[in-house]
Amino acid sequence: MPDLAVDLAPRNPRELVLKNPVIAASGCFGYGLEYAGVMDVARLGAFVSKGITPKPRSGNPMPRITETPAGMLNAIGLQNPGIRGFVKKYPRVWETWSVPAIVNISAEAVEDYALMARILDELPGIAGIEVNISCPNIAAGGYCFGWDAGMSADVTRAVRAATTLPLIVKLSPGAMDIVGVALAVEEAGADAISLINTLVGMSIDVKRRRPVLANATGGLSGPAIKPVAVRMVYQVAGAVRIPIVGMGGIMGLDDALEFFLAGASAVQIGTAIFAQPGMLVRVIDELGAWMDKEGIASLAEIVGAAHPRRPAIVEAGQVGMVDVAEVAAG
Amino acid sequence: MAREFDGEILACEPVMGDSTLMTVTLPRGMAGGMVAGQFVQILTRMDGSHDPLLRRPYSVYGVDPDTDTMRLLVRPYGRGSAWLAERQVGQTLDILGPLGNAFQISPRARNLLMVAGGVGAAPLVMLSEQALARGLSVTYLMGGMRAEALLAPALVPAAVEYVVATDDGSRGHRGFVTDLVPDYLSWADQIFACGPEAMFLSLRGVVMRHRVGGKPTVQVSVERGMACGLGACLGCVVETKRGMRTSCVDGPIYDMDEVVW
């Protein structure tokens, strides 16, 4: 059997070792319990909870979701019981599970991120924190934290100071300079980076002449955004040294492989779960079978392999060091 | 308990003008546990495509535990349902279910009134069968655009009083199905409704105007655009007097008085 294990926090003594690199993405897997009846949650590398906020939120008015070509828009509005309601309910359940549970946190002020991280730090049943920085910064007039390297670093530094838990910072594709943000959060103490969050989009109901979503705009996810996500993972992988968790429109093994080759050490699957919960385990099984067939002993062999200075597969079964320029020159 | 399974299409019967009553196989033993009001989510992807991306919810029209089958009422009005309506006998469907809660017949109820609009007829047929099996009296009101859009009387259990309304007056009462409701308000112990949102609003108006002491109670099947069907995405919420609830897990059946309309 090939080695599918990965540590997403190699610089952290508390480490975040996953038995395989397939993670259920935040917002698409509830708190894990919702899917426990329809699939074997224990097979996952990890799962990320729905986004938790300092106070309970009832979310946006309906409609909250709409289907788009090869994708969907959502504006759920972070409906959740708040950090205190969350703490009472879920960690005690997860403590009895073997699969690592990662908590996604969102806030509109730096100190609120830190407050939540402090609460989570000592709780049982929690393997790590994923910080959603695609939120409006109220102190900055609603400008999204994740669009700016300095504000992204501020959040990361505050959370890092509040907890020793493995820390994944989830980047926003709306960033002016995605590599700049990645480098800033790495410097500020992130153990890993996940990307991409949804792209802001809109659909308009032509008959009603109004946006379909009550919130007008929503986050675009699904296969439609995959090329954007692969590009951003590729760019960030060329700059940072910490592990990258790639996501955006993965619908099967081939999509996941693109992210590994672009430089992701693990992947998250989100929107695909809504239609096919069985896809998560299928990708894990197919990845192992594919590595066996390709004679790949460890996932590390293919992580980032699409980058120019890595060996490219020139012909079936033949591996050689080539520069992209050479390949392009034919 | 819900699961993902392949169901084979055993029969496709044209009904209600443009719709299809589809008989689909279930995993052994599942039919006996399914109750009226529940639904399944069907993957309606075109071959080799990511579209339509999300599953489509279908209320269960009926189940047969002896043959391990269920029946679904499919009306082609969107991409997903059009794809499904074109499926042929022998093809298989990727199904997630059974999902959702159920209509609740009160232990003290004797007389039940069904109010159906269009494909909303589906779960109320199954509920009528359950009620008849318990010896209760059922009146089934159905509304449609015209005579062909109605459920054929042969598809409604024989012991049910079946009364219809059409927009164009081509059969039964000319007007809305909810126009018929006042005549039954003093008779009915419970009302069960499934149909478009506009029908619920009209029904609510009629009931609120005429009922006495909160009786009869009304249960409605509230359909919202949904993604996961399992209560995870929170895309299909219904605003209730106790806060936001999902249409897929906490619903789709709600007491009309619980919903903030």
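A Cβ is built for glycine as well, from the same backbone N, Cα and C atoms used for every other residue.
Under the heading domain 'Dihydroorotate dehydrogenase catalytic', TrEMBL lists A:16-291. Annotated FMN binding site per TrEMBL: A:Ser26, A:Lys50, A:Gly51, A:Asn104, A:Asn132, A:Lys170, A:Ile196, A:Gly222, A:Gly248, A:Gly249, A:Gly270, A:Thr271, in sequence order. Feature annotation from TrEMBL assigns substrate binding site to A:Lys50, A:Asn74, A:Ala75, A:Ile76, A:Gly77, A:Leu78, A:Asn132, A:Asn197, A:Thr198. The active site, nucleophile annotation in TrEMBL covers A:Cys135.
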Rounded inter-Cα distance in Å - A:Gly51 (FMN binding site), A:Gly77 (substrate binding site): 10
Cα-Cα distance linking A:Gly248 (FMN binding site) and A:Gly77 (substrate binding site), given in Å to the nearest integer: 19
Spatial neighbours of A:Thr198 (substrate binding site), counting only the recorded positions A:Ser26, A:Asn132, A:Cys135, A:Gly248 and Cα distances within 10 Å: A:Gly248
Residues A:Ser26, A:Lys50, A:Gly51, A:Asn104, A:Asn132, A:Lys170, A:Ile196, A:Gly222, A:Gly248, A:Gly249, A:Gly270, A:Thr271 binding FMN per the record - widest CA separation, whole Å: 20
Mean of pLDDT values spanning the domain 'Dihydroorotate dehydrogenase catalytic' (A:16-291): 97
A:Cys135 (active site, nucleophile), number of other Cβ atoms within 10 Å: 24
Nonlocal residues around A:Gly248 (FMN binding site), in sequence order (Cβ under 8 Å, 6 or more apart): A:Pro173, A:Leu195, A:Ile196, A:Ser221, A:Ile225, A:Lys226, A:Val228, A:Ala229, A:Val230
Sparsest-packed of the listed binding-site residues (A:Gly51, A:Gly77, A:Gly270) - C-beta count within 10 angstroms: A:Gly77
Separation of alpha carbons, A:Ala75 (substrate binding site) and A:Ser26 (FMN binding site) (Å): 14
Minimum Cα separation from A:Ala75 (substrate binding site), reported as the residue among recorded positions A:Asn132, A:Cys135, A:Gly270 that achieves it: A:Cys135
For A:Gly51 (FMN binding site): DSSP state (helix, strand, coil): coil
